[in-house]
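Annotated in TrEMBL:
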DOMAIN    A:4-353  domain 'Aminotransferase class V'
BINDING   A:R42  L-glutamate binding site
BINDING   A:W102, A:T152, A:D177, A:Q200, A:N242, A:T243  pyridoxal 5'-phosphate binding site
MOD_RES   A:K201  N6-(pyridoxal phosphate)lysine
2 protein chains.
Amino acid sequence: MSRVWNFSAGPAALPEEVLRQAAEEMLDWHGAGMGVMEMSHRGKEFISIAEQAEADLRELLAVPADYRVLFMQGGAIAENAIIPLNLLGERDTADYVLTGSWSVKSAKEAARYGKVNLAASAEASGWTSVPVLESWQLSADPAYLFVCTNETIGGVEYAADPDLARIGRAEVPVVADMSSHILSRVIDVSRYGLIFGGAQKNIGPAGLTIVIVREDLLGRASPHCPTAFDYKTVAEAGSMYNTPPTYAIYIAGLVFQWLKRQGGVAAMEARNIAKARLLYDYLDGSDFYENRIDPVCRSRMNVPFFLKNEALNDAFLTGAREAGLLQLKGHKSVGGMRASIYNAMPIEGVAALVDYLKTFAARHG
Amino acid sequence: MSRVWNFSAGPAALPEEVLRQAAEEMLDWHGAGMGVMEMSHRGKEFISIAEQAEADLRELLAVPADYRVLFMQGGAIAENAIIPLNLLGERDTADYVLTGSWSVKSAKEAARYGKVNLAASAEASGWTSVPVLESWQLSADPAYLFVCTNETIGGVEYAADPDLARIGRAEVPVVADMSSHILSRVIDVSRYGLIFGGAQKNIGPAGLTIVIVREDLLGRASPHCPTAFDYKTVAEAGSMYNTPPTYAIYIAGLVFQWLKRQGGVAAMEARNIAKARLLYDYLDGSDFYENRIDPVCRSRMNVPFFLKNEALNDAFLTGAREAGLLQLKGHKSVGGMRASIYNAMPIEGVAALVDYLKTFAARHG
């Protein structure tokens, strides 16, 4: 089979250029006589790969100097515990904004380590909207405020960085799960105390977790925090307290270089806006399909949609597969369909999806 | 450069056949139209890869049916915390056998979660021997007995599976860190309660941790254990509570298939014996080099050695590199040299090393 259009929510499509380079370098990286997977993480070759990856990520996101970039393991789900284990410190409460499946899961895990104050919740909307910043009810002295800025399953996204100064709480560090939209748009890192994400959606292979953390938040870990997940220990060891997921860091680094060749995050954001508009505009104009998310908070990365006649779901998916459009089935908790259109999905892929949507609607409408 | 002989202690050399197959399948796995890195972990393609990997590992190690195989993240260092968090249960003590750097680190981390009884220690020997089973002093009712069956840095290895029945303590589960010799020799899994290892030495890429655990040890996790590292949760979710390190599992699976083509673990053990003998016999017969480890517990995987005239160390390493023999420098805590000769190192690589040792000695002796 030739390459398909892969709409998986994650692990997800990677740029073909990146995969070709990885394949070419598999047995011999830059004349080293060995592949990246075979290199000691303490050797000069791999250290140069990791340093370049960090430098490129810093450049792409304009990470300020007082933030540390950590390459960790365990994914966003492990971070749900690692974050309270590191950041609660002497405080007993953390504030959580609930916007869908992932933030609910994050809050539930945090409640195992401290008191969770629900600052806001979109549950009453059926997770089709997000609570606006002005509605967030922070507790008196939270260790941090947690928000998932893009919900992969529900398909909602905060359109702007949360600026707690606007509600008079600038002192509270914002912790953001950006797993499924990191690097898809320009962000102001200084608005956050900590940004984290599993790599397997918009960065690279599963098994790598990116953490960007403000230095003053290091050193507060609980005695129950495994040393390998103590941010201060990880930072001081340059992400090499334990052997890091070296190959995943290498692939992430190739993706960062690809992003720079694409013009960086601002250029990627413009493409992502165009891709999302193409798909949402078609869905909105159709009587056959629908997207149920409040337009002000629709995700540019994860687009859930429904056939109005759900009896046609199986035929839709079968036809999509025949047309080379894969992994469009919606998450089981939502149903319907979902198209994840991360950075690595070109507009041609979205156009192919819209063509198929039209053809299928015309045949069955 | 052509492929070198890579003696890295880990991440380490992988079989060239495995790397070639991975490169060929990078953009399109078995006609799926996508690479393994891009596949949803919940799709039928990846599930078939993970199931085959587990089945092959079970076959290679003859894992009994009442043991679960878990694919985790965080490496052996994270397991140093994850193990007491999972296994202490209502007991307050775990017994540790100290044989070198890694078991010392394991015991230190465990002491953060409970009481550590030092059942035995080889420290007085300068870590050049291992305490025999009959000398182990177990506590009255330990949650488990921890042993590192092969110390990567020191180069010592227990020659046989520890059988606690021989000291009348069959009820105590043995927890073994086998990171650097798993799959290098036939073992009796039933002698152990839990076996674990980071993949990056004898299995595959860094970022994957293999855990083989007897079912009755599941379900004892502390309330402080992150859910993503609760063995019971991981087992019940088929290692997919969080997104597993999919590509690392795929590479490990290719290594397992390669091992089967080599004749399995027994055949590999015979080769490893021959490889180790070739190197140790030369070292022992030489006046120029020495290995300081008690012959009864010399590691077949990690061979530390010294030039008797250490002023020649730099010249030795420079000449080795020129001869295509890489990563021979010893661990900084031990000094000298170290040759790691895992499964993926063929006897031709060891022979090339011995040739170089002879040539260098002849020139400088």
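Backbone N, Cα and C atoms are what each Cβ position is placed from, and that goes for glycine too.
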Winner by Cβ contact number (other Cβ atoms within 10 Å) across the recorded positions A:R42, A:K201: A:K201
Between A:N242 (pyridoxal 5'-phosphate binding site) and A:R42 (L-glutamate binding site), the C-alpha gap once rounded to whole angstrom: 11
Fewest other Cβ within 10 angstroms of its own Cβ, chosen from the binding-site residues A:N242, A:T243: A:T243
The residue listed as 'N6-(pyridoxal phosphate)lysine' and A:T152 (pyridoxal 5'-phosphate binding site), distance between Cα atoms, whole Å: 9
Where A:W102 (pyridoxal 5'-phosphate binding site) falls in three-state DSSP terms: helix
Binding-site residues satisfying Cβ distance under 8 Å to any chain B Cβ, from A:R42, A:W102, A:Q200, A:T243: A:Q200, A:T243
Residues that sit under 8 angstroms from A:Q200 (pyridoxal 5'-phosphate binding site) by C-beta distance, when 6+ apart in the chain: A:G10, A:P11, A:A12, A:G75, A:A206, A:G207, A:L208
Most distant Cα pair in Å, residues A:W102, A:T152, A:D177, A:Q200, A:N242, A:T243 binding pyridoxal 5'-phosphate: 30
For A:D177 (pyridoxal 5'-phosphate binding site), nearby residues of its own chain (Cβ under 8 Å, 6 or more apart in sequence): A:A76, A:E79, A:W102, A:S103, A:S106, A:F146, A:V147, A:C148, A:T149, A:F196, A:G197
Rounded Cα-Cα span from A:T243 (pyridoxal 5'-phosphate binding site) to the residue listed as 'L-glutamate binding site', Å: 9
Between A:T243 (pyridoxal 5'-phosphate binding site) and A:K201 (N6-(pyridoxal phosphate)lysine): CA-CA distance (Å): 23
Greatest C-beta neighbour count within 10 angstroms, which of the binding-site residues A:W102, A:T152: A:T152
